[in-house]
Structure formats: C-alpha cells, structure tokens
Amino acid sequence: MKNNKKISSIRIATTGANGKMGKQITRTAINISKIIHTSSLVRHKSSFKNYDIGKLANIFPIGVFTNDNIKDISDKFDVLIDFTSVKSSLEYLNFCYKNKKKMVIGTTGFNAMQNKLIKHMSKKIAIFYSENFSFGANIIFRLLKNISSIGNIKNIDIDIIECHHKEKSDIPSATSILIKKNILKNLKIKKNIKISSIRSGNIIGEHKIIFSFLGEKIEITHQAYNRKIFALGAIKAAIWLSNKKTGLFNMSHILNKQAKNFKSN
C-alpha cells in the first residue's frame with residue numbers, strides 16, 4: 001500500500017536488550033532522528049530487568065528501562081525489532097500478530113513451516129524479515145543473479161565458506177543458504193554447491209563464494225567488521241514499515257527504492 005505522507009517519529013522496542021545486537025541497536029538508534037527508542041525487553045525474570053538501556057549498552061543513561069514482559073510495553077511501541085532465538089522470536093511474533101504491531105525480524109534459523117507462518121501472519125500485520133541486514137551482503141545477492149551464469153560452464157566447482165563467532169548456533173548460516181539458493185536459481189544445469197562453516201572466536205561474519213575453473217578461480221567476499229551495519233539495516237527496516245499496514249518485506253525492497261531514487265536523480 002502506497003502512502004506519500006511524511007513519516008513522523010517511529011517508536012521502536014527491541015528484544016534481547018543485554019545481547020550483542022540489542023546493545024548495538026541502542027547505540028545506533030540514539031543518532032537517528034526519526035527513531036524514538038521507547039522500550040526494550042530481556043528474558044523473563046532476567047537479572048537485567050529494570051536496567052537503563054543506555055548504561056546496558058555502555059553509553060550514557062537515556063531514561064529507558066528494560067522489561068521482561070512484552071504485555072507491559074504494548075502501548076509504548078509501533079515497531080518491534082527482534083534479534084533473539086527462533087523460540088523467542090515466534091512468541092514475540094504471535095504477540096505482535098494478536099495486537100496488530102509491526103515487526104522487524106533479524107532472528108535466523110526458521111524452518112520451512114515457521115517461514116510459512118511468518119508469511120501467513122504478514123497478511124494481517126507488516127513484517128520485515130531478512131537473513132542479513134547488511135546492505136553489502138544484499139548487493140552480493142544481486143550480483144550473483146548475473147555472475148552465477150558462469151556456473152553453467154561444464155568444469156567448474158562452486159563453494160561457499162562462511163565464518164562466524166563461536167556462539168552462533170545455526171549452521172550453516174541463513175545468509176550462506178540464501179547465497180546458495182540465489183546461485184542455484186540462475187543455473188541451467190544441476191550443480192552441487194558445498195557450504196563450509198567455521199565457528200571461531202568473535203568473528204562477526206564473513207561469507208566467501210568461490211567459482212573454481214581449471215587453472216583459475218573467482219572469489220566474492222563479504223566481511224562484516226562490526227554489528228552497526230546490521231543495526232542500521234534493522235532500523236531502516238523499521239522506518240520502511242512505518243507507513244505499511246500489512247505485507248512481508250525484505251532488504252530487496254529498500255534496495256529497489258534506492259535504485260529508483262538514484263535513477264530519478
């Protein structure tokens with residue numbers, strides 16, 4: 001649904017306030033004028049309940065305190081930004097569905113049935129779901145639509161190597177699975193694409209696609225140097241949802257709009 005009205009301030013709530021992404025979104029949101037970070041959630045009976053989220057994110061106090069029950073903050077937010085676990089994310093989604101709240105989902109690891117559920121719920125509320133909120137990674141997805149045609153060459157091997165911190169639970173990463181799907185979708189011949197996963201240290205995220213020929217190879221690599229890129233993407237997603245009532249959206253919608261704006265200028 002199109003809406004050309006000027007976007008006013010958007011009230012966001014976040015989940016996992018004491019987690020890596022929760023803290024990063026707090027640090028990032030304070031510098032974006034359209035965003036009002038009104039509330040943030042932690043796990044039920046968490047020791048981090050009633051913490052100032054600014055202090056929790058290692059910045060200055062901002063007067064917003066954590067809560068462990070989404071029902072208590074229902075009237076305080078327009079869009080929920082969630083980077084937690086599959087179980088928690090589905091619980092938050094169910095609440096948003098029942099209370100007609102918009103939701104940005106950054107959690108990964110959903111199975112096919114859960115993805116169908118997200119799509120079904122988007123008929124009633126606006127949902128923005130992406131396996132990766134980095135603009136660079138999403139540009140790679142687009143590049144692969146063209147470059148993957150080289151996979152039709154007879155003697156070629158295609159490999160994907162993904163590296164993440166040792167606490168990341170889903171193996172392989174949702175991004176690497178999406179990369180594989182994007183390549184296979186554009187191939188005219190069947191190809192076995194291998195994904196190798198590394199979980200080590202505090203690596204934020206690295207994805208490498210290798211096209212190996214006889215005597216040469218092509219590599220495409222995306223490296224995330226900090227979590228701010230994901231936080232910015234998620235906040236832009238919340239802004240995107242601000243004038244949407246229903247529908248399922250992803251980063252390609254934002255990239256398409258940016259491309260149109262670039263052409264018109």
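Any Cβ shown, glycine's included, is placed from N, Cα and C.
Database features (Swiss-Prot):
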ACT_SITE  His164  active site, proton donor/acceptor
ACT_SITE  Lys168  active site, proton donor
BINDING   Gly16, Ala17, Asn18, Gly19, Lys20, Met21, Gly106, Thr107, Thr108, Ser130, Glu131, Asn132, Phe133  NAD(+) binding site
BINDING   Arg43  NADP(+) binding site
BINDING   His165, Ala174, Thr175  (S)-2,3,4,5-tetrahydrodipicolinate binding site
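Known features from Swiss-Prot, placed on the structure.
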residue	record	Cβ within 10 Å
Gly16	NAD(+) binding site	24
Lys20	NAD(+) binding site	15
Arg43	NADP(+) binding site	17
Gly106	NAD(+) binding site	24
Thr108	NAD(+) binding site	21
Glu131	NAD(+) binding site	23
Phe133	NAD(+) binding site	26
His165	(S)-2,3,4,5-tetrahydrodipicolinate binding site	13
Lys168	active site, proton donor	17
Ala174	(S)-2,3,4,5-tetrahydrodipicolinate binding site	16
Cβ atoms near Asn18 (NAD(+) binding site) (within 10 Å, other residues, all chains): 19
Cα within 10 Å of Gly16 (NAD(+) binding site) - qualifying recorded positions among His165, Lys168, Ala174, Thr175: none
Shell list ((S)-2,3,4,5-tetrahydrodipicolinate; ref centroid = CB of His165, Ala174, Thr175; cutoff 8 A): Thr108, Glu131, Asn132, Glu162, His164, Lys168, Asp170, Ser173, Ser176, Gly205
Candidate nearest His164 (active site, proton donor/acceptor) in space, where candidates are the binding-site residues Thr108, Glu131, Thr175 and distance is Cα-Cα: Thr175
Recorded positions clustered about Ala174 ((S)-2,3,4,5-tetrahydrodipicolinate binding site) [Cα within 10 Å; pool: Asn18, Arg43, Thr108, Phe133, Lys168]: Thr108
Distance [Cα-Cα, Å, rounded] between Glu131 (NAD(+) binding site) and His165 ((S)-2,3,4,5-tetrahydrodipicolinate binding site): 16
Alpha-carbon spacing, Asn18 (NAD(+) binding site) to Arg43 (NADP(+) binding site), which is rounded to whole Å: 9
From recorded positions His165, Lys168, Thr175, the one whose Cα lies nearest Phe133 (NAD(+) binding site): Thr175
Cα distance (Å, whole number) from His165 ((S)-2,3,4,5-tetrahydrodipicolinate binding site) to Gly106 (NAD(+) binding site): 17
